[in-house]
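Let me give you the structure first, and then I'll get to my questions.
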């Protein structure tokens, strides 16, 4: 283990004695401040990517929903009623409440198709997220960097969404949803890592939570757009969420800086210095900077595209941490992605149910934002997973007693899953050093998404028995949270930049 070395020779105020900073955190904070207005604007702009991430994730709640229907006057009223199975009724005895083009189920005549077929597009999306995360996870750490990876992911997500508009059948639609998920896989990860690496450690947790607020905003925008376009084609909804993403990418390209921390770790010292100078100038920092002798402690292992995953698995402590947070992430993801999809199985208006679920993300983000400095990461994560699991199971039990109590349990469970989702990403961010941080968070997000792969299938199978969906959700998230017990607490600690630093800190 090499001793820590100064990264910048001078970055001190003129009135103070010059001393080399002892860490990269001190270096960056000494040059651009802990949290200036320019850093705030950069973090907000980067975090807006979560808006489009949420829209792409949950759009199938509306586009793939089975529309409501009614009996027609020409049919036999003694045979057709609201409780009938339309697959057992003559075609002329019922009709959709809205035009058939409002949903893929109605447009392609899938009302009587097996649950595997109707759940395929949503599952394909999550499988694409899983594949994209595994294929693209390390590019932000190795070659492309945080900013370029964010741009690539957003553009791929947007263009695949535009092509989805022209889908002629569910098979092409599912393939495009897979590609969309593939591109979307690293959006949230890159946005989280880039925004938090642009600020000092004091504000890192709060800035990370800004992305969660933006995700909630994107989630909330969906029922609004769906309601406004409730008589229009489901294809229109895809256009509404894809075109703004392209405009967003243009803003990011011209206004957002690459992470100076990543540039230093990658040995691109000159670019890092220019970035710090540009940000300090934008912040109107009173600090006089001199970069005449910039030194950087390089990582002791050779970094290529997949070496970050390799080093995480080869280091025992890193593999243990990664396995625990990924198992927890699997359970959290199953509930987080499954609950909104399962709203159609409950006795609640779909628009109202989705809106209430999206609104429940706000208190989850607020709690994380205001209490992140006081909350113990591990204990909070354990508490949220257990509470979510208990309420999810209760959702099945009380459903036979009171629909109102059922939706209340569902909301508490989803709120807890949201809080656990937020905390798991912040916790993972602090558990791993800079050189592998993006990859580690990507792996945890893939575990979250892997849980989401099973959610549509469980929801489809649970239309006749809620325990298959909500009951399984509760059991899985409760059990998967248990491995977190063996992890260290990270609240208030300094994050490291290399694997050697992290090992030295443990000793």
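Backbone N, Cα and C define each Cβ position, glycine as well.
Heads up, TrEMBL stuff is auto-annotated, nobody curated it.
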Transmembrane segment per TrEMBL: which of the ranges 300-317, 444-461 is that?
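Matching range for transmembrane segment: 444-461.
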Of the ranges 277-295, 467-485, which one does TrEMBL list as transmembrane segment?
467-485
Please check if the transmembrane segment (207-225) comes into contact with the transmembrane segment (351-373), where contact means 3 or more CB pairs closer than 8 Å and the residues in each pair are separated by 6 or more positions.
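The answer is yes, given that the two segments have at least 3 Cβ pairs within the 8 Å cut-off.
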State the non-local partners of the transmembrane segment (149-172) in its own chain: residues 6+ outside its ends, Cβ under 8 Å from one of its Cβ atoms.
46, 49, 52-53, 56, 104, 108, 110, 117, 120-121, 136, 139-140, 179-180, 182-187, 190-191, 194, 235, 238-239, 241-243, 245-246, 248-249, 252-253
Given the model, what does the mean pLDDT over the domain 'Major facilitator superfamily (MFS) profile' (42-492) come out as?
82
Do any residues of this chain, six or more beyond the ends of the transmembrane segment (322-339), have a C-beta under 8 angstroms from a C-beta of it, and if so which?
57, 126, 312-313, 357, 381, 385, 388-389, 392, 410, 413-414, 417-418, 420-421, 424, 427-428, 431-432, 440, 443-452, 454-456, 458-459, 469, 472-474, 476-481, 483-484, 486-487
Which sequence-distant residues neighbour the transmembrane segment (380-399)? Criterion: at least 6 residues beyond either end, Cβ under 8 Å.
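Long-range Cβ neighbours of the transmembrane segment (380-399): 328, 331-332, 335, 339, 346, 405-406, 409-410, 412-414, 416-417, 419-420, 423-424, 427, 466-467, 470-471, 473-481, 484-485.
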